[in-house]
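Trainee: Here it is, the structure in full.
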Amino acid sequence: MATLIRSKLSNKLTNAANAVSNKSQAKVSGMFARMGFQAATDEEALGFAACDDLDYDHRQGMQMDILTSDEMGGEGSGDGGVLDGDSHYQRDGTGPPHSASKDGGPTNELTEVRPQITAWEAGWNVTNAIQGMFVLGLPYAILHGGYLGLFLIIFAAVVCCYTGKILIACLYEEDEDGQLVRVRDSYVDIANACCAPRFPALGGHIVNVAQIIELVMTCILYVVVSGNLMYNSFPNMPISQKSWAIIATAALLPCAFLKNLKAVSKFSLLCTLAHFVINILVIAYCLSRARDWAWDKVKFYIDVKKFPISIGIIVFSYTSQIFLPSLEGNMQNRAEFHCMMNWTHIAACILKGLFALVAYLTWADETKEVITDNLPPTIRAVVNIFLVAKALLSYPLPFFAAVEVLEKTFFQEGGRAYFPDCYGGDGRLKSWGLTLRCVLVVFTLLMAIYVPHFALLMGLTGSLTGAGLCFLLPSLFHLKLLWRKLLWHQVFFDVAIFVIGGICSISGFIHSMEGLIEAFRYNIEE
């Protein structure tokens, strides 16, 4: 009897120690942890870093692991049965780590110290995610939406701030004492919890597919914007936009050989700061022409055919939900998360609204898809070269994250993998792994060549994955997991966001696809 009691006490203490150790790690993406705060300052990189190296178990969803007394280091009972409490859901990471890493070596998942960040650092990351390079397309959205476009910039900020908060709320559940406990670690965990028990992995697959689409589309956008900016910077050179895109892709081919992003991450902070300087220069130039602003061109009517595309552009510029769970889990004081979300989205709303409005007032009906193309030739060339450099240095981040998701889904899922592992026993990349990466780079080039329209691609991505990940899924998950605890006005908000997001997503997707099909046919005929 005494032996059994000691075994149970030892088992409980071991479980508690493992739980404390895991929760202190504050699971964050591997790329964010390896590169630290500065390395994750690129605006899109933070959204995509969540896909890079999220805990492998949680990428596939909550898993049921049976822990025997031998595995937990406790003594078994006389009949060799499993001790009470040894069988449990591995939602909080209290189970044993994997025994081997990708290259066959031992892992140190539990002993690795994860970096903790302050609310200001977290806010800086969110700010870079929602005020990045793609704000250059917002004036084009005002062109087709007028004052309603400005309203949507404000509305999208409010909704994305709210859905970010409710998404984090889905990570927590109340324990027996009524205290909130973090039982999930990622967007995938939340999705799987909503689909359990009938389809425990369906939600995670849906989220992963949306992530891959958004990552690949972002890579395509970087190639498109690079070709567009270079072509408009040097219009007198006998090089077409497609040729510039090919040149840009040739510079990106080394991405296929990347094993980590340390080399690229060194330039991340500088590129982000340069982008802020460019935004200030554009606003300063617009203010210098304030006497010529065309206030009469800002209308209340909308272009019914093109405005749904503008909705996708605006929504895409606010996408950050996919990495919020890992970011919140890595904060020193998680209670400050709501306050951080408030001031970052308020700041983004004000800056985006001012940038889009003053840029449109300056060029009115001549506003182009990428606003820097409207600048005078002398300024345009310098600004665009900086933007191209930023786009090329940003490309490896979503590319690497997309490769990680594909490799772990199809090549590194143990006995369930569809194809052999991309890495050998020594950790070297095998031929088919390199082929996968090269094919992905070439695919982004082909899409950029045949559909070289920045606004259409951005609108399509925002309508398809942006609205889904930022509007539809968070509100749906919130209703599903916390239905009994919600107040009536919270239910109303969630339902309203789901309906409005669905309408915007469908309309934007249809109109964007129509434009892309027309552009594709035109390029094929050429």
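Note that Cβ sites are derived from N, Cα and C of the backbone, with glycine treated the same way.
Just so you know, TrEMBL annotations never went through curation; they're auto-generated.
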Trainee: Given 181-203, 457-479, which one carries TrEMBL's transmembrane segment label?
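Mentor: Of 181-203, 457-479, TrEMBL gives transmembrane segment for 457-479.
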Trainee: Within the same chain, where does the transmembrane segment (147-168) have neighbours whose Cβ lies under 8 angstroms from its own Cβ atoms, ignoring anything closer than 6 residues to its ends? I mean 6 or more beyond.
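Mentor: Distant contacts of the transmembrane segment (147-168): 130, 138, 141, 187, 190, 298-300, 302, 307, 310-311, 314-315, 317-321, 324-325, 328, 337-338, 341-342, 345-346, 348-349, 352-353, 356-357, 470-471, 474-475, 477-478, 493-494, 497, 501.
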Trainee: Would you say the transmembrane segment (457-479) and the transmembrane segment (209-231) are touching, if the rule is that at least three C-beta pairs must lie under 8 angstroms and be 6 or more residues apart?
Mentor: yes
Trainee: Which residues of the same chain, at least 6 past either end of the transmembrane segment (434-451), have a Cβ under 8 Å from a Cβ in it?
Mentor: 216, 219-220, 223-224, 227, 242, 245-246, 249, 252-253, 255-257, 399, 402-403, 406-407, 422, 457, 516, 519-520, 523-524
Trainee: For the transmembrane segment (307-324), find every same-chain residue at least 6 residues outside the stretch whose CB is under 8 Å from a CB in it, and list them.
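Mentor: Residues 29, 32, 46-51, 126, 129-130, 132, 134-135, 137-138, 140-145, 148-149, 152-153, 156-157, 160, 163-164, 167-168, 187, 211, 214, 345, 348, 352, 455-456, 458-467, 469-471, 474, 504, 507-512, 515.
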